[in-house]
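Pulled from Swiss-Prot, these are the features on record:
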- 476-540: coiled coil (COILED)
- 34-45: compositional bias 'Basic and acidic residues' (COMPBIAS)
- Met1: N-acetylmethionine (MOD_RES)
- 79-129: repeat 'HEAT 1' (REPEAT)
- 178-228: repeat 'ARM 1' (REPEAT)
- 325-363: repeat 'ARM 4' (REPEAT)
- 364-417: repeat 'ARM 5' (REPEAT)
- 130-140: motif 'Nuclear export signal (NES)' (MOTIF)
Amino acid sequence: MDVGELLSYQPNRGTKRPRDDEEEEQKMRRKQTGTRERGRYREEEMTVVEEADDDKKRLLQIIDRDGEEEEEEEEPLDESSVKKMILTFEKRSYKNQELRIKFPDNPEKFMESELDLNDIIQEMHVVATMPDLYHLLVELNAVQSLLGLLGHDNTDVSIAVVDLLQELTDIDTLHESEEGAEVLIDALVDGQVVALLVQNLERLDESVKEEADGVHNTLAIVENMAEFRPEMCTEGAQQGLLQWLLKRLKAKMPFDANKLYCSEVLAILLQDNDENRELLGELDGIDVLLQQLSVFKRHNPSTAEEQEMMENLFDSLCSCLMLSSNRERFLKGEGLQLMNLMLREKKISRSSALKVLDHAMIGPEGTDNCHKFVDILGLRTIFPLFMKSPRKIKKVGTTEKEHEEHVCSILASLLRNLRGQQRTRLLNKFTENDSEKVDRLMELHFKYLGAMQVADKKIEGEKHDMVRRGEIIDNDTEEEFYLRRLDAGLFVLQHICYIMAEICNANVPQIRQRVHQILNMRGSSIKIVRHIIKEYAENIGDGRSPEFRENEQKRILGLLENF
């Protein structure tokens, strides 16, 4: 209730039900006194309301006056007050350290100084509202002192420091003053903040709420710093953070917010970072990720938060598979078998497992995984997904386009990498049941060709408008248009056309005839397919070397000669 509600509140006292023999008498009395009573009641009511209004005004005046006094008492935060605060902090920190050394076995002697130290650390939170003054924390060595306290014998003090650092590094605050933020982050990195934070993490007991909060705030510091300065991720991972995250993920503890946060930070550390991906592989991290994900092969996550953690772990695994050495570890760790099982079980994890398989098989580095996938009867799993996109796919946030993109990419990788008997087994799938899989391939071809024609028409219109306005269409603009076309469906269409070229070059007349027959029926032509494949070859990346790109382009264009 606000002040007005408090003053106007009247409790419901209820009414007394009259006995039968009193009813008539009361009716007569009411008739006689009704008019007089109503008049008197209105007068009394007005008096009560006026008194209540007066009380309300007086109370509001007192509250306003107290608020003004509090505002007057608050000292404005400026350079001088921050310096004074830092000096007090340094004095209390030194005093506590001195008393702990002097009376190591007598906590009563240093306990008061510890409380004083904790109080000043709490007061320093106000500095987080003024990032322009962060330079004072560095110039007066407060940052170094705070980092030193991360190893304090009393974890309450180290947790208080973590809480303060988390607020100082809040990403919104850092962006308020780039200069102040740079100075602070430089000092933290120079002081090896991540190594000190990890040492503190090692001794925290998450069964104690305050210490569990300390773990959460520590992870927040890492996330804030990684977002502001992504290059510190490599150094941070090497200072023990990556190892601690893996240990925390595999710890036999119930799922909680900290485990979710660990999965988020892990995904951040691995993003576009080959050094961290290699380090994770060396720390047996691929096995840890597979073990954690194996829980979801037959069971769906029980909460939205647990599903988010699962997706973070899948993202981390996909990121690691960008590195060829990790694909070997994935193969040895029976990752293919786990993903194949997830595809068969039809749980929420299925769409993410499909994405992992795509990453594991792509390019020449995926050759061993492609052969193993056929050996474990993976073709029986992947082709039903090719023939029909799952109905309930929207519930897990994966679009039909994404599903078809991954399936077509996997088939393209299999056709590229398989040799001998396994390749024959794959090609035979396209002749089964009156070439139904060729029919499905052509159905997808026309679906995405139509989407591309719509996108191309829109882009051509935009180009025409730019020329009319006298704007130059440079390489950057062309690249932007190309990326838009890929997103609109060109990426899937390129894989579909590549699959068509591969299977038509396989010396299986039945397949080639069916492809040409359907193209003619739909009024399309080989020229369109050739053009799409040529564009695909021209835009292949360097991969590991320019030589790889050149050889791959020759191989793909060679498929067109017999198409």
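Every residue, even glycine, has its Cβ placed from backbone N, Cα and C.
Note on the coiled coil (476-540): its mean pLDDT in the predicted model is 94. Only residues 6 or more beyond the boundaries of the repeat 'ARM 4' (325-363), in the same chain, are considered here, and those with a CB under 8 A from a CB of the stretch are 277-278, 280-281, 286-287, 290, 293-294, 296-301, 307, 310-311, 314, 317-318, 369-370, 372-373, 376-378, 381-382, 385, 390, 393, 395-396, 398, 402-403, 406-407, 409-410, 413-414, 417, 543. Note on the motif 'Nuclear export signal (NES)' (130-140): DSSP counts are 9 helix, 0 strand, 2 coil.
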